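Taken verbatim from TrEMBL:
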type    : residues                               : note
BINDING : 102, 103, 134, 221, 222, 223, 224, 279 : pyridoxal 5'-phosphate binding site
BINDING : 137, 278                               : N(2)-acetyl-L-ornithine binding site
MOD_RES : 250                                    : N6-(pyridoxal phosphate)lysine
Ligand SMILES: Cc1ncc(COP(=O)(O)O)c(C=O)c1O
């Protein structure tokens, strides 16, 4: 049996896959089993921010795996401590907890918000999250996810979640008004799976004011848009506000599984030994990869280049929208995450046509195509995908 047949026979049917088998990659290129090359505008869904076969990340992994892959958190390991220092010293955070995925980081953030409310702020356990959000597939994260299509069939969900429309401060105010039921607001500063929806400056500032005033935790989910994707190290840096808790995952360990919860001083010492734990969380192998990843994106000029390339991508996409104003409804873009929303065309059909032309993209919502290239993408590749889109939309 070939790979496709084995997958159909032995893997649970949870993914709808494109008809390609990928075998290797280099820089911004991926190759299939027949040797055909693709320029990557997907990055394994915003994971491979340094592209493929990055020398620094590879070397870090190889060196560490010869020393130690795993030990339990009963012991200290240097890569974990150094990574926490790197994250804290380059963000609002004073402490970090490591886990293994985005969903897990959300679970930890929910627990932390609840225990802070119980021990310190003496508020209720409820959390406000946003319509159209995506926070993961485990029960807490799934409940926080404000999209019925993911939750349907899995009820009963976790108690204590209410939802507000994104970029609508009035809905949040009216939920909180005069009661102390809520302990936290959980929000993506840029909604990834929801369609690359970007929060307004004023909205985020108001949310910060409300959470501050009520001693609630402000949790930013930066699993998809943190770590350079928006052209700043963290998405919150585009808004001039700091959260109390931030979740990270996807790109942090250069493609190895990792998650992290970063917390401000206020919540840094609320968890006590025994409150929260993870067998694999913060293991030396993934943390070594993550240290190398962080060193790369913190290099002088790296993030500035992301911002510049991102502006170029946005400019080119807006030009496409002007040319195909009957087909493209809206472009939403910040740094190197962009959405092309169509009026009637199915994003999957466009993605398949792009595959034929040698480009990999992803879909968010039925009519919205998402571009999340590796952060090392160049203007040349942006020109190439825009020409391909031009050809596709012309026919
Ligand atoms: C914003 C956000 N939060 C959480 C998650 C869940 O991450 P994971 O798939 O690693 O559990 C995702 C995944 O796409 C995400 O985009």
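A Cβ is built for glycine as well, from the same backbone N, Cα and C atoms used for every other residue.
When the binding-site residues 224, 278, 279 are scored by other C-beta atoms within 10 Å, 224 scores highest. Counting only same-chain residues six or more apart in sequence, the Cβ atoms lying under 8 angstroms from the Cβ of residue 221 (pyridoxal 5'-phosphate binding site) belong to 102, 106, 109, 133, 135, 186, 187, 188, 246, 247.
Close to ligand 1, meaning a Cβ under 6 Å from one of its atoms, are these of the binding-site residues 221, 222, 278, 279: 221. If you take the CA of residue 224 (pyridoxal 5'-phosphate binding site) and look 10 A around it, the recorded positions you hit from 137, 250, 278 are 250. For residue 137 (N(2)-acetyl-L-ornithine binding site), the Cβ neighbour count at a 10 Å cut-off comes to 14, with all displayed protein chains included. Cβ-based neighbour count (10 Å, all protein chains) for residue 103 (pyridoxal 5'-phosphate binding site) stands at 23.
Rounded to a whole number, the distance between the Cα atoms of the residue listed as 'N6-(pyridoxal phosphate)lysine' and residue 222 (pyridoxal 5'-phosphate binding site) is 9 Å. Within 10 Å of the Cβ of residue 102 (pyridoxal 5'-phosphate binding site) there are 27 other Cβ atoms, across all protein chains. Under DSSP, residue 103 (pyridoxal 5'-phosphate binding site) is assigned to a helix (H, G or I) in the three-state scheme. Here the residue listed as 'N6-(pyridoxal phosphate)lysine' is positioned 19 angstrom away from residue 279 (pyridoxal 5'-phosphate binding site), judged by their C-alpha atoms.
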